[in-house]
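Quick look at what Swiss-Prot annotates:
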- Gly79, Asn110: anthranilate 1 binding site (BINDING)
- Gly79, 82-83, Ser87, 89-92, 107-115, Ser119: 5-phospho-alpha-D-ribose 1-diphosphate binding site (BINDING)
- Ser91, Glu224: Mg(2+) 1 binding site (BINDING)
- Arg165: anthranilate 2 binding site (BINDING)
- Asp223, Glu224: Mg(2+) 2 binding site (BINDING)
Amino acid sequence: MDTIFNKLFAGQQLSLEESQTLFSAIIRGELTESQLAAVLISMKMRGEHPQEIAGAARALLDNASPFPRPDYLFCDIVGTGGDGANSINISTASAFVAAEIGLKVAKHGNRSVSSRSGSSDLLAAFGIPLDKSANDARQLLDEIGLCFLFAPLYHSGFRFAAPVRQQLRTRTLFNVLGPLINPARPPLALIGVYSPELLMPIADTLNVLGYKRAAVVHSGGMDEVSLHAPTQVAELHNGEITRYQLTPSDFGLRPCAISDLEGGTPEVNRQLLANLLQGQGKRAHTESVAANVALLMRLHGQEDLKANTEVAMHAIYSGKTINRVNALAARG
């Protein structure tokens, strides 16, 4: 471990294997708090490299509680959080709509980072249990098309880093790991990041981790596809990464203001999402969710974003998507 420390403190990049060794030790509680703080700040100051991020993610995945991985195509839609936008839970709403149109979504989530309520806070407000066993969650994925995997249940080693992260009060590598350590290991993912500077590093990391197809997005300060600003995309497809930009017109939609997407407490967000999934949501909410679902559909090979948006809008306005929420709550 001293060799790894010395490389870090000299400003040198770690290999994937070295990063994996380091983070395996971290999540086993083998570093002191001062050592961990020094490691995280050293990496932050020079910038974390994709090989280092991938090594950390592999350490978390290798030590995660197991999930029975399906042999059918499935995906995740998730953001890093930390964008400060305090928006409604767009990725969570998008997961329900995606399931309604036939996609399989194993959504990895945690408590709030950037909004007043994260995906897990919102699910709890709906009465959806967060403590499902891996086998029960897999059954929900099979039968309802959607399951939620609560990060602390699968990644208990995070607890060793929590005190230092709270004391540092700054973003570190741990802030970008969440979307990369889904224990179901989906082959497809739509991942939002809090800074455009993370687009290529995270796309490169997804390539190293072996994702089949994925899109990393940022839009005007938000960690998702948004309609208030152009969405910057780094798309991974069969080992190649392409950068491009999307605007509302690419989805056949009109722009909205960022203030139109503001959320609130878990209970407020629960009501906003319930209205949306019953086909009675605000235009900005409905269309923002539809745009995210449209890009997720593209990752499944349905390339026409405007047609995809129409499919998603039809599912939302049918009012039937709320049945997915009720079905998950009933299985508590």
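Every residue gets a Cβ built from N, Cα and C, even glycine.
A simple Cβ count within 10 Å picks out one of the binding-site residues His108, Arg165 as the most packed, and that one is His108. Asp223 (Mg(2+) 2 binding site) falls within neither a helix nor a strand when secondary structure is assigned with DSSP, and so counts as coil.
In terms of C-alpha distance, the listed binding-site residues Gly79, Asn110, Arg165 place Gly79 closest to Ser87 (5-phospho-alpha-D-ribose 1-diphosphate binding site).
The two recorded residues Asn110 (anthranilate 1 binding site) and Ser91 (5-phospho-alpha-D-ribose 1-diphosphate binding site) have their Cα atoms spaced 12 Å from each other. In the three-state DSSP scheme, Gly79 (anthranilate 1 binding site) is classed as strand. Fewest other C-beta atoms within 10 angstroms, among the binding-site residues Ser87, Ser91, Asn110, are seen around Asn110.
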